[in-house]
Amino acid sequence: MEVVIVPDAKAGGELIAEAMAALLRRKPDALLGVATGSTPLPVYEALARKVRAGEVDASRARVCQLDEYVGLPAGHPESYRATVLREVVEPLGLPEASFMGPDGSAEDLPAACEGYDRALAEAGGVDLQLLGIGTDGHIGFNEPCSSLASRTRIKTLTQQTRVDNARFFDGDLEQVPHHVITQGIGTILDARHLVLLATGEGKAEAVAQTVEGPLSALVPASALQLHRHATVVVDEAAASKLKLADYFRHTYANKPSWQGL
Ligand code: F6R
């Protein structure tokens, strides 16, 4: 695993946006897997800036979603479909057709889950999957004790995750759905390059468990240890519990291999 320690969230956003831009220069119709939540916003802002500045042509990029709430009415502003359209697809100037995600309002949810895994494979697979991490170590919405081989399916959110996400619903826990569709850990591991971004002290314990702890169903993000090309980008606060922080600084600072340096 490459662990890149950056000074702050903005620097992390810039670094990952440059990795996405480099990918798009190499493969203009790359399939970018995106995450929602607060952490990835600096990435999307930096990538949109690069597109506006003409540093990269993203017009053929394709975007796919990691997860979706179940049961929110269509068009709800906090549905992940609406969020990704607002935060990623529109700022990059992409057509809605360039975007794919699981349908959290489908009548047959298991069929929608299977269909989404199939659609990802038919699209040629995800080239770069951006991930955040929950304070409980989840990736996507694969909560602790998720199968490390899981595919896209319905999951129940932990109370901790619902509390963490209540800020997107006016702080009202009652409004946070209990169920989601999420790419499984096995689905996520199919992506060619995984890039996890974590910022802030609240993520430090989960990051340390992910990077230095044992592979464990209790920490779903530790499954990144199984991937051939996983990059973990952390700010100083999120890196504060890493025993090997100095080694990572020495080895990866400013020269993660995925930048081709
Ligand atoms: C969102 C997702 C989640 C978040 C995680 C961290 O699509 O899959 O795993 O990445 O809950 O959320 P933030 O960034 O808001 O702390």
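Even glycines carry a Cβ here, placed using N, Cα and C.
The domain 'Glucosamine/galactosamine-6-phosphate isomerase' annotation in TrEMBL covers 10-230. The active site, proton acceptor feature in TrEMBL is assigned to D67, H138. The active site, for ring-opening step feature in TrEMBL is assigned to D136, E143. Taken from TrEMBL, the feature site 'Part of the allosteric site' covers S146, R153, K155, T156.
Comparing the Cα of D67 (active site, proton acceptor) with the Cα of every entry in E143, S146, R153, T156, these being the recorded positions, the smallest distance points to R153. Over the domain 'Glucosamine/galactosamine-6-phosphate isomerase' (10-230) the predicted model carries a mean pLDDT of 96. Checking the recorded positions D136, E143, S146, K155, T156 against ligand 1 with a 6 Å cutoff on the Cβ atom leaves no residue at all. S146 (site 'Part of the allosteric site') and D136 (active site, for ring-opening step) are 12 Å apart (CA-CA, integer value). Neighbour counts of Cβ atoms within 10 Å were compared for the recorded sites S146, T156, and the top value is held by S146. Cα to Cα, E143 (active site, for ring-opening step) and K155 (site 'Part of the allosteric site') are separated by 8 Å. Long-range Cβ proximity for R153 (site 'Part of the allosteric site'), meaning a same-chain Cβ under 8 A and a gap of 6 or more residues, is found for P110, C113, I181, T182, G184. Annotated pair S146 (site 'Part of the allosteric site') and K155 (site 'Part of the allosteric site'), C-alpha to C-alpha distance, rounded: 9 Å.
Listed in sequence order, the residues of the same chain lying 6 or more apart from K155 (site 'Part of the allosteric site') and placing their CB within less than 8 Å of its CB are F141, N142, E143, S146, H179, V180, I181, T182. Rounded to a whole number, the distance between the Cα atoms of T156 (site 'Part of the allosteric site') and H138 (active site, proton acceptor) is 12 Å. Secondary structure at D67 (active site, proton acceptor), as computed by DSSP, is strand. K155 (site 'Part of the allosteric site') carries a strand DSSP state (E or B). Just so you know, the Cβ of H138 (active site, proton acceptor) picks up 27 other Cβ atoms within 10 Å once every protein chain is counted.
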